[in-house]
Structures are given as structure tokens and as C-alpha cells.
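Each remark here refers to the structure printed beneath this line.
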Ligand code: HEM
Ligand SMILES: [Cu+2]
């Protein structure tokens, strides 16, 4: 679209223009509503907070926002693919590449990750009897770095420079020779900044779980969501640094003239190795926490202790371990040789064993249980068969010889959506419905929740099941159209219908949140008749919970207390010192500075790189000079 | 009262240890990159580039600084304030020596045309050794902040901060040992 201003013509793509208009209008509306409702003080509280529950809410809120954006992209992709030789709006060729790249990148890094880390923040400290995360200040830093990275990737579209080399950013396409525009620089810096936040979040989780459990809460008495969080955090700690370095090298290739991934001596395959050494553990990073959520939810709503607790923990650990030994299954077609392919095919198939153990344990947990079909439970029940399909296609893909056919086809697209939507997204929904009372003191509406569930799950299968068939009939992934004679029209058409059903489901979810705040159902401590410690503290969770500190003597301590002690948890004689809570503008300031720093690199502004670099470093100094531990020592000395 | 502090401080120690694991994996990945691309088919080869003298001198600086910061740690434990200053100042001076030598080394390489983009051996060399050098620089800034804080904050807090720093510094040193043995070593000393 071209328009004229002061005798000059400007060109702006109509999709970008529309996005600007939408964002500016909704921003203005939001501003107006916040001002009218006098909510700025609340917002300030959230921006400067270091409290785990509030930070968890911030993660979930941003994830929902990005879910909407990447969801709109998904609908765009589906519309363009609805009929053969479609020529809808602008989404052909490179625009289509941009749409699926940002869709995938945002969904994985800025939806799945923050949904899970958000739920961990809300629930894990309360489930283990911790008074906050071990490092509240760093927790805020993690969140704001994550958000800064997410905004970078999201803003690229508005600068008409979206990344376009796929969420996997395969070289040589991702290298500046082939994509000189700023798009993939946004990818590099966005993921880098948010990745640092994620590593810090994992460190925080590890220390919280290792050192802040309530007295008596041995590791062997810990609920399974904290367990999966602990194992996931170790996966993050090991996998994300590899991504950090992969992006660091890619940055040199794109900006400083090196040729690691291209040219005569460079090797595009090396990027694939680095990416998948990170990338495969990453897919387990986003599924294991969901496994933890399902375990807790299923146990609560079956009124039974989780079946095979020990085997559940061991299975988590084995999946985590094997997760590092399977990355080549993404590279079977590269030609690394039959021996390598066979080895990685076998390790990949092995993962199905612990995964199967978990599935059976969930089923046995429900067996003879007193099942209540609440919304979180429905999501868990929907998860089991869906995820089994994803697992079965996974094992099919792991047969290296067969993968020569499946690879890069819609069959793979179907596989990973069955695992990631069927697992991670349903898990996150279950968790949100389950712990919503702990976040806000109110329940989400059950009826609307059921609408949400059924629309979303039915829509999901209508969307993704046909993709298996499209893939088996030879439709490659990442193409913007196909021909009538390709015989895949019907699958695509059905898929597109399903996608809109999922969209409706998501609208039901958002409507549910709105309704639940408008006509709140206030709940007490324990709306679900829960089993674990988080249901012993008020809803929403207070800033200083666990006074007095409970003494844990079994798995499911609250349940045990209800059965044998009239619901009163035994009290511990003494508790360790709580983390120091502060409010601070520094985390958001640091993240903002990191964003400026990244933009200075993306647009090659050396002077700004220097200024922003000094700015970032000065935050380290400021932090050190305003350290709350010093203040606390002084206060205690003065007593 | 003291026990409370120790609890929080042990959180920090564990957290920082975890952070160093993440860092170690980053460096390990860069070492792997170096092995994959070195030596390359395109000249120059490492033997032409590396020079034993500068490597040895800078190593002496950096490795000694691990001993001096250790001395500083012992001084903290004994509450020996003079010893703390000696430890901090000598460590800082040695790090200046190290960075000076390294800058000198890179300068010579560049003058001889051994630049970042010359070939993949040099590229992977610079992104690894350069990242290490930036860690040393960061540590130097950290020491300046420590020196500034030494008499301005309660001793207990200072002691904690210096303790964390010395973990960092030892880590940076260990990475350097790997650099000598795996990056320079095969082409200089065998
Ligand atoms: C039983 C367990 C699983 C097995 C055996 C398995 C196997 C595989 C294989 C062999 C591929 C490569 C296919 C190809 O590109 O040709 C693949 C792709 C993929 N899998 Fe799985 N998988 C399993 C579970 C999961 C889970 C739990 C997730 C995530 C939550 C996941 C996410 C993905 C993704 C995102 C891709 C595609 C990556 C891309 O190329 O963009 N998988 N899987
Ligand atoms: Cu994989």
C-alpha cells in the first residue's frame, strides 16, 4: 500500500499497516481502560515486584498475548493453504516463510516456555513449602529478560523485517549471504536475550527446590510438578548454553564476516548439530513440566495418591537423560551414515519406554479412583490419548529408513503438534484452571471451561489429524501452496476448518477469564479438596506464606492431615530464613537496556552499542551497590 | 542471627555454582567448535600464528592470580584486612598484565594479517579466546566494585561477595588452563 505525505510517497505492506492500526487502537483502548479503572498503581506493583506469584502471573499474561499473536499467524497460514493455488492477501513466498517462522519461534520460546515457567513460579514454591523463590530479584530479571527477547522477535514484523529461515534457522539460509535483511538478526538477539533469562530462571528453580523445601519435605515426598520442574531446570541448564553459543556463532557469521556455517570451509551441518543438541532437549523441556502438572491434577481429581510415584520420578529422569542422546533423529536425511542413524534411532525408540510407563501410571492412578470431571481434569483426560498418538508417530519417525519418507513432510508437522499441543498446551491449560485460585483467589467458570476444552480439543484433532495423511501423501512442510493434482486439498481444507474451531476455543478461554473477573467466584484455601501444601495457604497466595511452617511427614501431606489430623498440618519447630523480598525498577531497566543494546547491533549503530553496553554493565554495578542483603545486615546489626 | 545469613549465602553459592556449569557448557561448545575447524585447509595454520613467549607470559600472570585471590580468601576467613587488600590488589595487577599481554598478542596477529575472518581456525580461535578475555575484563570491573565496597558495607557482606568473586576467578583460570592445553598446546609444545 502506498500513500503520500509531504510530497513523498511511502510504501507499507497492508498487513503491517493493519497490525499497526490494531496495536495502536487496542493500546489506546487499554490505556484508557486502565486509567479509568485507576489500575496504574496495580501495574506499578507488578512491574516492580519480585514476588513469585506475581511474576508467575506476568509470565502467563505475556504468554497469552503471544499465543494470540502466533495463533493469528497460524490462522493466516491455514487460510493460505485452505485451497490449492491460493493467492490470499500477501501471504505467498517470503511472506509465508516469515509467517511460519515467527509462528514457530514465538509458540515455542514465547508461549510454551513462559506458560510453563509461569506455572512453576506460581505453584512450585507453594507446593514445597518455600516462602518465595530463592532469588526474588533474579526472578524478576529472568522475567524481564524473557520479555525483552520476546518483544524483539515480535517487533521485527512491525519493522518489516521478520525472521524467515524457520524456527530452526538452518544455515546457510539463515546466514547474511542469503538473508541480509535484519529479520534473522532479530531472531538471533531475541532468542539470546530471552535465553539468558531462561537460564537464570532454571538456576533459581534448582536452588529453590534443593534448598527451600519445608522441613521434612524430603525429595522423595515432593509432588511431581516440582520434580518435573527440577529435572527440566537441569535440562535447561545444560541445553540452553548450547543455544547461546550457536546463536553467538551465527551472530559472527551474520555480522562480523566469519564463515562457520557457509562457504567452502564452513559447515551448515554444524549448525544443525548445535541447534538440535539444544533443540531436542528443548522439546523435553516443554513437555516434562506438563507431565508434572498432569500427575498432580490426575491424582487430585481421582482422590488417589499418584500410582507408581518412584517410577514416575525415575521415568522423568530417564527421559531427561535420553533426551540428550537423540538429537540426530532430526538429521537422519543428512547422510551421517547407517551406523550413526541406527544408534540414534535406537536411543530415540528407547524414550518411548519411560514415556509409556508414565502413561500407564496415569491410567492406574485413575483406576478405582473417585474421578471428578472438572475442567483441569478434562484437559488431562484429553491429553492422554492425544499424546499417545504423538508418541506413536514419534516412534514411527524414529525408524531412520522410514524417516527418509516422512522427513520434512506434514507428517512431522502432525507429530509435533500432537505432542506439543496435546502435551504442553493442554497441560498449561490444565495448570491454569487448576491453580487460578492460587493466583487470584477466584475460580475460572466451569461451564465456559468445558466449552473451551471441547472446542479446542475437537478443533485440534480436526486440524492436525489430516496432516498425517497430507504428509503421507507427499505434502512437504513449509510450502505456501499446492496443486489440485497433488491430491491433498481435502486434508488441507478440513485442517483449516479445525483451526478456526481451535480459535473459537481460545476465545472461549479469554471470555472465561473476563467473565470470571467480572462475576468472581471467590474460593477459600482449598477449592479442589487438594492433597499438597499449596492448598493449605490462602487464595490468592499471600506474600509471606507458611507462617507457621508446616512439618511434612508424607507424600500428599495435606491429604494425610485431612484424613488423620482434622486437616491441621503439624508445625515445624523452626524454619530456615526466607528470601528477602524487594521491589525494584532495576530488572525492567536492565531488560530495556538489553533491548536497546540488541537493536544497536541489529541496525549496526556502533555508538549506540557502546552506550547501551556501558548501560548494561552499569546495571551490574548499581545492583551491587543497592544489594538488599547489605541493607538487611545493617538492620539486624542495629537491632 | 548469623546462621540466617549463612543459609541465604549458601543459596547464593549453589546458584553461582549452577551458573558456572552453564558457563562451562558454553565454553565446552566453543572448544568443540575449535576442534572441528582447526586446522583448516586454508592457511594460515596454527603453527604459523601462535607464539610461545606471549602465551607463557600471560599464563604466568593469570595462573598466579589464582594463587593471589586464594590468598585473599584466606585473609577473609581470618579477618585479616591488610591481607584482603594485598590479595585484591595483586590479583588486579596480574589481571592487568594478562590483558595487556593478550591485547599485545592479538595486535601482533592482526598486524601480520591473522584476522578474525582469515580462516575458520582463526575465527574459532578468536571467538573462544576473545570470550575468555571478556570474562577477564568483566572480572576486573568486578574487582574494582569490590574494592570500592570493601570498607563501605558490613564485613560479612563483603566476605560473601569476595567469596563468590573468587569462584568466578578460579573458573576463568581453569578455562584458561584448557585454552593453553587444548588451543595453543598441540601446536606449541608438542
Ligand atoms: C515418544 C517420544 C518421541 C519420539 C520417538 C519423537 C521422535 C521424533 C523424530 C524422529 C522427529 C524427526 C522427524 C523428522 O524431522 O523427520 C521428531 C520431530 C519433532 N518432535 Fe518428536 N518425538 C517424540 C516426542 C516429542 C515431544 C514430547 C515433543 C515436544 C513436546 C516433540 C517435538 C518434536 C518437534 C518440535 C519436532 C520437529 C522439529 C522440526 O523439525 O521443526 N517430540 N520427533
Ligand atoms: Cu527430537
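Counting begins at 1 with the first residue displayed.
Just so it is clear, glycine is given a Cβ too, placed from its N, Cα and C backbone atoms.
Listed in TrEMBL for this protein:
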type     : residues  : note
TRANSMEM : A:12-34   : transmembrane segment
DOMAIN   : A:34-553  : domain 'Cytochrome oxidase subunit I profile'
TRANSMEM : A:55-79   : transmembrane segment
TRANSMEM : A:99-124  : transmembrane segment
TRANSMEM : A:136-158 : transmembrane segment
TRANSMEM : A:230-250 : transmembrane segment
TRANSMEM : A:270-294 : transmembrane segment
TRANSMEM : A:340-364 : transmembrane segment
TRANSMEM : A:376-402 : transmembrane segment
TRANSMEM : A:414-436 : transmembrane segment
TRANSMEM : A:448-469 : transmembrane segment
TRANSMEM : A:489-514 : transmembrane segment
TRANSMEM : A:607-625 : transmembrane segment
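A:12-34 is the stretch from A:12-34, A:230-250, A:376-402, A:448-469, A:607-625 with the greatest number of Cβ pairs below 8 Å to the transmembrane segment (A:136-158).
Confidence across the domain 'Cytochrome oxidase subunit I profile' (A:34-553), taken as the mean pLDDT and rounded to a whole number, stands at 95.
With a threshold of 8 Å between CB atoms, the same-chain residues lying at least 6 positions outside the transmembrane segment (A:607-625) that come near it are 137, 586, 589-590, 593-594, 596-597, 599-601. Remark: the transmembrane segment (A:489-514) contacts the transmembrane segment (A:55-79), by the rule of 3 or more CB pairs under 8 A. For the transmembrane segment (A:376-402), the list of distant contacts is 290, 294, 297-298, 301, 329, 332, 338, 341-342, 344-345, 348-349, 351-352, 355-356, 359, 362-363, 411-412, 414-419, 421-423, 426-427, 429-431, 433-434, 449-450, 453, 457, 460-461, 468, 528: same-chain residues at least six beyond its ends, Cβ to Cβ under 8 Å. Same-chain neighbours of the transmembrane segment (A:55-79): 46, 49, 86, 88-89, 91, 96, 99-100, 102-103, 106-107, 110-111, 114-115, 117-123, 133, 139-140, 143, 146-147, 150, 154, 428, 432, 439, 463, 495-496, 499-500, 502-503, 506, 510, counting only residues six or more beyond its ends whose CB sits under 8 Å from a CB of the stretch.
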